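Participant: Please read through the structure below; I'll follow up with questions.
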Amino acid sequence: MSDLITSPRMAGEDMPAGPADPIFNRLLKDRIIWLGEEVKDDMANRICAQMLMLAAEDPKSDIWLYINSPGGSITAGMAIYDTMQLIEPDVTTVGIGMCASMGQFLLSSGTKGKRFLTSHARVLMHQPSGGIGGTTTDVRINAELIMDMKKTLGELTAEQTGHTIEEIYRDNEYDHWFTAEEALEYGFVDKLVSTHETMNSDKE
């Protein structure tokens with residue numbers, strides 16, 4: 001979580017061209033959302049809008065969120081998290097490649113029992129960080145905000161994984177990398193998937 005806060009943008013402003021590609025639109029028809037970049041406001045706006053659209057179209061069918069992300073803005077990530085909690089459909093999360101920092105948190109935020117990780121993916125957990133500068137007052141305010149977000153994310157991660165808040169604080173004090181097997185054992189996900197058949201067995 002390299003950035004604590006990013007400047008807000010209007011939905012659709014300066015959005016990258018990639019998600020407008022027919023491939024991404026085709027995935028949406030199958031209720032698949034792709035999170036394959038750093039978590040920033042523009043992509044968070046897009047993913048929140050896609051979730052709301054799919055929930056409105058069919059509130060009973062799962063939404064599939066695929067994640068391959070190095071992390072990013074906490075506030076942008078929390079917008080995605082809050083939308084996941086707000087909508088009626090279950091959100092199935094699938095981690096591939098790397099789920100680091102906010103990517104790890106969103107992976108673990110999927111509906112319990114429906115959080116998957118591919119067998120060669122890696123997961124990184126660490127505590128929130130952010131650049132602090134400016135006046136003494138600015139430094140104090142930013143430090144207080146970081147501590148508040150650390151508490152919030154720690155409590156939510158403890159709930160998601162079944163660990164105590166003390167264990168989460170201990171384990172995220174420094175960069176903590178997990179293999180897929182270790183991530184499963186820690187409680188970030190519910191199952192490892194490696195083939196089309198294992199994925200389809202949970203979709204059906």
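Heads up, the Cβ atoms here are built off N, Cα and C, so glycines get one too.
Bear in mind that the values here come from a model prediction, so they are computed numbers and not experimental data.
Sequence annotations record features per position, and here TrEMBL assigns active site, nucleophile to Ser101. Residues annotated as active site in TrEMBL: His126.
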Participant: Return the residue, from the listed active-site residues Ser101, His126, with the maximum count of other C-beta atoms within 10 angstroms of its C-beta.
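Facilitator: Result of the Cβ crowding comparison: Ser101.
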Participant: What's the CA to CA span in angstrom from the residue listed as 'active site' over to the residue listed as 'active site, nucleophile'?
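Facilitator: Answer for this pair: 6 Å between alpha carbons.
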Participant: Helix, strand or coil by DSSP: which one applies to His126 (active site)?
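Facilitator: The residue in question, His126 (active site), is coil (DSSP, three-state).
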Participant: Under DSSP, is the residue listed as 'active site, nucleophile' helix, strand or coil?
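Facilitator: Reduced to three states, the DSSP call for the residue listed as 'active site, nucleophile' is coil.
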